[in-house]
Amino acid sequence: MGKHVQLVMGPAGSGKSTYCDTMRKYCEEIKRSVHIVNLDPAAEVFEYPVSVDIKNLVTVDEVMDELHYGPNGGLVYAMEYLIENMDWLTDELGDYEDDYLIIDCPGQIELYSHIPVMRILVDHLQQIGYSVCSVFLVDSQFILDNCKFISGALMCLSAMVRLEVPHINVLTKIDVLKTSDQYKEIEKFLDLEVQNLVEELNLETHDRYHRMNKAIGSLLEDFSLVGFVPLDITDQESLNVLLQHIDNSIQYGEDLEPKEPPLENDDDDDDDEGDEIIRMMNGNL
């Protein structure tokens with residue numbers, strides 16, 4: 001079936017680790033073997049079993065102690081160190097034919113928008129035979145109004161344009177909002193018309209921003225980036241719909257051979273139908 005990757009991204013607090021663990025458990029339930037890769041050199045506690053861990057190569061604490069960097073500088077250095085040692089990652093991933101990886105990435109947005117670390121990582125994964133889908137998580141509680149939605153959408157756009165791979169935007173923590181009145185606010189963003197968004201933004205902002213609102217709306221519409229897949233981790237159907245979106249984007253399972261029905265059963269069914277017809281004909285004679 002080939003080798004496939006979910007590259008799980010999103011700002012801190014968007015639920016990346018919870019997503020990875022939930023998706024792993026769901027895949028196990030549907031008999032799909034997955035491996036989780038931790039690429040956050042600052043991660044301390046895992047909610048899931050880790051198959052490959054960047055901290056076996058480098059940690060942020062080590063960088064901060066040895067080079068006296070701050071947390072963000074230490075993270076960037078650690079990720080650049082990974083890029084310089086891609087052979088380590090290749091060896092850790094192995095060379096299996098049917099790999100399905102879920103890669104838990106750091107949350108610092110500069111890794112996707114300012115420096116080429118994640119793009120180099122994606123290119124390397126593709127070179128060694130992986131089909132990659134970027135899964136960008138946004139906390140649904142973060143986009144409860146139009147301005148916040150624009151901010152979240154532009155953040156997704158930055159990662160999508162930078163990486164140039166199939167891209168799925170996910171609204172997380174829907175299960176939290178379902179029990180509150182705020183869920184109605186989220187629903188309008190799930191099937192949003194850009195023109196309506198621009199009109200509402202114009203009502204909320206000064207006249208001098210109206211041209212900018214229109215330009216941003218056109219940008220999002222041109223890139224078809226107003227679509228988010230809602231995720232309720234307590235709902236199996238929600239997980240199934242999201243996984244189907246991801247699978248379609250990386251063509252997972254398309255090379256599977258269709259199963260043919262057993263011939264013996266078909267023959268038996270045909271014989272039964274023939275006997276019944278003969279009995280009916282005899283009864284009418």
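The backbone N, Cα and C atoms fix where each Cβ goes, glycine too.
Lifted from Swiss-Prot, the feature list:
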BINDING   Gly13, Ser14, Gly15, Lys16, Ser17, Thr18, Thr172, Lys173, Ile174, Asp175  GTP binding site
SITE      Asn72  site 'Stabilizes the phosphate intermediate'
REGION    253-276  region 'Disordered'
COMPBIAS  263-275  compositional bias 'Acidic residues'
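Features as recorded by Swiss-Prot, highlighted on the structure.
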{"residue": "Gly13", "record": "GTP binding site", "DSSP (3 states)": "coil"}
{"residue": "Asn72", "record": "site 'Stabilizes the phosphate intermediate'", "DSSP (3 states)": "helix"}
{"residue": "Thr172", "record": "GTP binding site", "DSSP (3 states)": "strand"}
Site extent for GTP, whole Å (max Cα pair distance, Gly13, Ser14, Gly15, Lys16, Ser17, Thr18, Thr172, Lys173, Ile174, Asp175): 16
Pairwise CA distance, Asn72 (site 'Stabilizes the phosphate intermediate') versus Gly13 (GTP binding site), rounded so that it is a whole Å: 16
Cβ-Cβ neighbours of Thr172 (GTP binding site) (radius 10 Å): 26
Same chain, 6+ residues apart, C-beta under 8 Å of the C-beta of Gly13 (GTP binding site), given in sequence order: Gly107, Asp139
Largest tally of Cβ atoms lying within 10 Å of a Cβ, found at which of the recorded positions Ser17, Asn72: Ser17
Other C-beta atoms that fall within 10 angstroms of the C-beta of Ile174 (GTP binding site): 21
